[in-house]
Amino acid sequence: MGLLSDPVRRRALARLVLRLNAPLCVLSYVAGIAWFLALAFPPLTQRTYMSENAMGSTMVEEQFAGGDRARGFARDFAAHRRKSGALPVAWLERTMRSVGLEVYTQSFSRKLPFPDETHERYVVAGTNVYGILRAPRAASTESLVLTVPCGSDSTNSQAVGLLLALAAHFRGQIYWAKDIIFLVTEHDLLGTEAWLEAYHDTNVTGMQSSPLQGRAGAIQAALALELSSDMVTSLDVAVEGLNGQLPNLDLLNLFQTFCQKGGLLCTLQGKLQPQDWTSADGPLQGLQTLLLMVLQQASGRPHGPHGLFLRYRVEALTLRGINSFRQYKYDLVAVGKALEGMFRKLNHLLERLHQSFFLYLLAALARFVSIGLYMPAVGFLLLVLGLKALELWMRLHEAGAGPAEVGAASAPGTPLPPAQGVGLASLVAPLLISQAMGVALYTLPVLGQHVATQHFPVAEAEAVVLTLLAIYAAGLALPHSTHRVVSAQAPDRGWMALKLVALIYLALQLACIALTNFSLGFLLAATMVPAAALTEPCGPRPFYAALLVLTSPAATLLGSLFLWRELQEAPLSLAEGWQLFLGALAQGVLEHHTYGALLFPLLALGIYPCWLLFWNVLFWK
Amino acid sequence: MAAAVPLAVLALLLLGPGGWGYAEPLRDSLREELVITPLPSGDVAATFQFRTRWDSDLLQEEGTDHYFLRYAVLPREVVCTENLTPWKKLLPCSSKAGLSVLLKADRLFHTSYHSQAVHIRPVCRNARCTSVSWELRQTLSVVFDAFVTGQGKKDWSLFRMFSRTLTEPCPLASESRVYVDITSSSQDNETLEVNPPPLTTYQDVILGTRKTYAVYDLLDMAVISSSRNLNIQLKWKRPLENEAPPVPFLHAQRYVSGYGLQKGELSTLLYNTHPYRAFPVLLLDTVPWYLRLYVHTLTITSKGKENKPSYIHYQPAQDRLQPHLLEMLIQLPANSVSKVSIQFERALLKWTEYTPDPNHGFYVSPSVISALVPSMVAAKPVDWEESPLFSSLFPVSDSSSYFVRLYTEPLLVSLPTPDFSMPYNVICLTCTVVAVCYGSFYNLLTRTFHIEEPSTGGLAKRLANLIRRARGVPPL
C-alpha cells in the first residue's frame with residue numbers, strides 16, 4: 001500500500017492509468033473473452049471425479065427386470081389418459097396401491113397472469129398423484145423422489161410405466177433406508193411447483209393447492225424422468241435449474257457412472273461426449289456444449305422439472321430418453337437399471353450431497369470447469385469497467401482542480417475533494433427517471449393487459465409482449481425528457497459524473513450476478529462492457545448509438561436465441577427468430593410469476609435502467 | 001402402519017407407585033404373551049409382552065415427588081440387533097424356552113415396523129402400600145410386511161414369521177399364552193381361519209373396539225402335546241381387496257416447512273376423525289436450543305379458526321444447557337384437523353459443536369401426544385391383574401374412553417453449516433487477506449495526504465505562532 005500512500009508515486013500511477021487506459025481496457029476485454037474460450041481446453045477443464053465416499057466405492061447390483069411390466073403399465077396409462085383426456089388419477093391411485101405404496105393425491109389450481117400461448121393454458125387445474133414407499137423400520141426422516149411430469153403436450157406414458165414398474169420392484173426390496181416418493185405431476189412444471197410448495201408448506205407463487213396428507217421427511221435428492229418411446233437411443237441429462245442453480249456435481253457423476261456401467265449412450269445438451277481431448281477437435285466440440293450450457297443457464301429457466309427442486313436444496317437431475325435414428329437402441333430395462341442403481345447409491349448417502357462442486361460449467365459429461373477457473377473470465381471483463389471508472393474519476397478530479405493542473409506533474413497543490421463540484425443534484429433526475437422506466441417495464445405489461453386488449457385488436461399475451469417492447473423502446477426517448485429537468489450547469493462534468501455512476505452501478509450489478517449465475521453475468525458483461533466503456537457524447541454518435549442498441553439486454557436476448565439454435569444445428573430464419581423472441585419474452589414474464597424466476601425483474605429493474613443511463617450519457621447536451 | 005417410531009427412552013423415576021394397581025398383586029415371577037393381529041392389508045402384527053415381578057425393600061414414601069421426573073429422547077437412534085440382544089437377556093428364560101424362542105433377530109429385523117420397549121415401575125403389594133414390588137415389562141412389536149416377506153401371499157404361520165415353532169413353555173412362567181385376533185372372522189363369518197382350532201376364545205374392548213381372540217395356553221398340555229410343537233397358521237379364506245386401513249380416531253403428523261437456512265416453521269397436524277366427539281389432547285414438545293423458537297408465532301388453528309389452548313407450559317431453552325419445553329392442552333373439535341405451528345430461526349453453532357456429519361442435518365425429537373380418546377364401545381371395568389397383559393399396559397378407570405400416547409415422526413433439520421473442507425480453509429484465508437486489503441484501501445480512500453513541511457523551529461516558533469495568531473497575523 002506504500003505505492004498508493006506516497007503522493008508522488010500515486011500521481012505517477014494515476015498518469016499511467018490515464019495514458020494507458022485505452023490499451024489496458026482493450027487488453028483486459030480480449031483477455032476475458034479469450035479466457036472464456038479457453039475454458040473448454042484441457043488445462044482448464046478437468047475430468048470429473050466422485051467425491052462422495054458413500055456413493056463412490058460401494059458397488060450395487062441392479063436387478064430390475066420389469067421391462068414388460070413397465071410397457072404394460074405404460075400402455076394402460078396411455079389408454080386411460082386418452083379416454084379421460086386428463087391425468088387418470090383414479091387408475092394411478094389404484095395401480096400405485098396395488099404395487100404396495102401409500103398413495104395420496106393433491107389438487108391444485110393456478111390462474112396465470114396472462115394466457116400462455118406456447119402451452120395453450122390460462123386457468124390451470126390439475127391433480128398430482130404420489131405414492132410413498134416407506135423404508136422398513138426407519139422413521140421417515142429422509143426421502144428420495146422419482147418424478148414424472150405429465151404435460152398436455154408430452155404424455156410421458158413410458159416414463160409413468162417405468163416409474164410404476166420401478167416402484168413395484170423397489171417395494172420388494174428390504175434394503176431401503178430412505179423413503180422413496182414416486183410422484184406423477186400434471187401440467188408438467190406447474191404441477192411440480194404446486195407439489196413442492198405444498199410439501200414445504202410455503203406459498204411462493206400464489207398457487208392454490210390442497211395440503212398434502214402424507215410426507216416423508218427431508219428430501220435428499222430427486223430424479224425426474226421424461227420418456228416418450230419404448231426404446232431409447234440415448235439418455236440426455238439436464239442440469240440447469242431455476243435461476244441458473246445447479247445440482248451438486250456428484251449427482252451428475254453418479255449418473256455418468258451408471259451410463260458407463262450399463263453401456264448407455266449419454267449426452268449433455270444433446271451433444272455426445274468427444275473422445276479425444278488431446279487434439280483440437282475434442283475441445284472445440286466441448287466449447288459448443290459449454291456455450292449451450294452457458295446460454296441455457298443464463299436464461300434462468302428450469303431446464304426440466306428438476307430445476308424447481310433446487311430452490312429447496314434438493315439435488316436433482318432430469319433424464320430424458322431420446323429416440324433418434326441410431327442403430328443401437330436400449331429398452332426400458334436398461335434405463336430402469338440405471339435408475340435403480342442411482343437410487344440404491346443415493347440410498348447409501350449418510351449426508352446430503354455436499355462434497356463436490358455446486359458451481360461449475362460442463363464442457364462434456366465427464367469434463368468440468370470449476371468456479372476458481374472460470375471466474376477470471378468475468379473478472380477481466382469487469383476490470384474494463386473499473387479502469388474506465390478510474391479514468392473518469394481522475395478526469396473529473398482534474399477538471400475540478402482547474403485547467404492549470406491538468407497533466408502538471410509538478411503541481412504541489414492538494415487535490416480538492418472531487419465530488420463537491422460535480423453537482424450530484426443533476427444526477428438525481430436521470431437516475432430516478434431511468435429507474436422509474438424500469439419499474440414501468442416491470443409492472444405495466446401485466447397490469448395494463450386488459451386496457452390494451454380493450455383498445456387494440458390483440459390477445460392478452462400479445463398485449464403483454466407488445467407493451468413490454470413499447471415501454472422498452474420508449475426508454476430510448478428518455479434523454480429528451482430528462483434534459484428538461486436537468487439544469488445545464490457544467491455539461492462536461494455532468495455526463496462524466498453520470499457515466500461514472502452508471503459504470504459503477506453496472507460493475508456492481510454484473511459482479512453480483514456473476515457470483516450467483518456466472519453464465520448470465522458473463523453474457524451481459526461480454527455484450528454490455530464495450531458499449532458502456534466507449535459511450536460518450538462527443539465522437540461518432542450514430543456509431544455509439546448503434547453499438548448501444550445492439551448490446552442492449554433485449555438485443556442480447558435476440559442474439560442469444562440465434563446463437564443457441566445455431567449451436568443446436570437448427571439455424572433460425574429472421575422471421576422465426578423474431579417469433580421465438582416474442583415467445584421468449586412472454587415466457588420470461590410468465591416464469592417469473594409462476595416459478596419465481598428472477599431474470600425478468602433483474603433485467604427490468606436492474607440492467608435496463610443502467611443501460612438507459614448510458615443512453616442518457618450518449619445524448620447528453 | 002408402516003411408519004416407525006425411533007428409539008424413545010422414557011425414563012420415569014417416580015418414587016412411589018402410580019395411581020393404579022392397589023389390589024393385592026400376584027407375586028408371580030413371569031407372565032408372557034404373544035398377540036398376533038392379522039391386518040386387512042395382509043400384513044401381520046405380532047406383539048410380545050413379558051412381565052417380571054420381584055419384591056424389593058423399597059419403603060413407600062408419601063406422595064409423588066415430581067422433582068424426580070425426567071424425560072429424555074434420543075431421536076437419532078434406530079433400533080437394531082444391538083438393542084435386541086441385551087433386551088433378551090433381561091428375560092428369565094432368555095431365548096431358550098417359551099415364547100422367547102421366537103425372538104430371532106434375522107426375522108425380527110426383516111419386518112416393516114419394529115418397536116421395542118422396557119417399562120419399569122414399583123407396584124404396591126397391599127392396600128396401604130407399605131411394601132412394594134418392582135414390575136418390569138418388556139414389549140416388542142413387529143409388523144411383517146406381506147409384500148416383502150410374504151412374497152405376495154397373505155397366509156401366515158408362526159414358522160413363516162419367525163422360522164421357529166413353539167415347543168414348550170418357559171418353566172419359570174406362571175402364564176404363557178398366544179392370542180390371535182380373529183375379530184374379522186367372527187364378525188362377517190369366516191374370512192379367516194386359524195389352525196389348530198383354538199380351545200378357548202377371549203373377548204375384550206381394546207382401544208375402543210370390541211375384539212375377539214383365539215387363545216392358546218402353552219401351560220395347557222393339550223395345546224402342544226398333539227404334535228410336540230405349536231405352529232399356529234392363519235389362512236384368509238376370501239381374497240381381500242386392497243382397501244385403505246381404517247383410520248384411527250387420533251393420529252398426528254409433523255413436518256418442517258419453509259426453505260432456506262435462516263428460518264423455518266415446525267408444524268404438527270393433529271387429526272381427530274371421531275364423527276361427533278371433541279376431546280382434549282396433551283401435546284409435549286421438546287425442541288433443541290439451536291432452533292430458536294419464536295413463541296409469539298405459536299398458532300393453533302382448527303377448522304379455519306384459532307384454537308386457544310386451555311393450558312400452556314413453556315420453558316425457554318438455554319444455549320447448550322437445556323432444550324425448549326412446550327406443553328399444551330388442546331381441545332380437538334370433532335372431525336377436524338388442527339394445525340399447531342411455531343416459527344424458528346436456525347442458530348449458528350460453534351464450529352466444534354457440529355456433529356461429525358453436519359450435512360446430514362440435526363434431529364428434532366418427536367412430539368408426544370397423550371389423550372383419552374372416546375371409545376365407541378363401552379368397556380366393562382375389568383380386573384387388571386387377571387386380564388391379559390396387552391390390555392392393561394395403560395389401564396384407564398373410565399370405561400367410556402381409552403388412553404393413547406402417540407409419538408410423531410422425528411424431524412431432520414439442516415442448520416447453516418460451514419464447508420469443513422479444503423475450500424473452506426481457502427475461503428477463510430482469502431477473506432482474511434481481503435479484509436486486510438480492505439482496511440488499507442478504505443484508509444487510502446477516506447484520508448487525504450498532505451506533504452508535511454519539515455518543521456524548522458522548535459518551541460520558539462510555536463510560541464511565536466501563538467502570539468501571531470493572537471495578533472491576527474498569518475503564522476510563520
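The backbone N, Cα and C atoms fix where each Cβ goes, and this holds for glycine too.
Annotation source TrEMBL lists transmembrane segment at A:20-41, A:357-385, A:422-442, A:463-482, A:502-531, A:543-564, A:598-620.
Among the recorded stretches A:20-41, A:422-442, A:463-482, A:502-531, A:543-564, the one sharing the largest number of Cβ pairs closer than 8 Å with the transmembrane segment (A:598-620) is A:422-442.
Only residues 6 or more beyond the boundaries of the transmembrane segment (A:502-531), in the same chain, are considered here, and those with a CB under 8 A from a CB of the stretch are 29, 32-33, 36, 243-244, 293-298, 300, 359, 361, 371, 374-375, 377-378, 381-382, 384-386, 388-389, 392, 544, 547-548, 550-551, 553, 555-556, 559-560, 599, 602, 606-607, 610-611, 613-614, 617.
Counting Cβ pairs under 8 Å that are 6 or more residues apart, the transmembrane segment (A:422-442) and the transmembrane segment (A:357-385) reach fewer than 3 and are not in contact.
Tertiary neighbourhood of the transmembrane segment (A:357-385): same-chain residues 25, 28-29, 31-33, 35-36, 39-40, 44-48, 237, 239, 246-249, 252, 256, 259, 266-268, 271, 273-274, 277, 283, 285-287, 289-290, 293-294, 503-504, 506-507, 510-511, 514, 518-519, 521-522, 525-526, 529-530, 532-533, selected by CB-CB distance under 8 Å and a gap of 6+ residues from either end.
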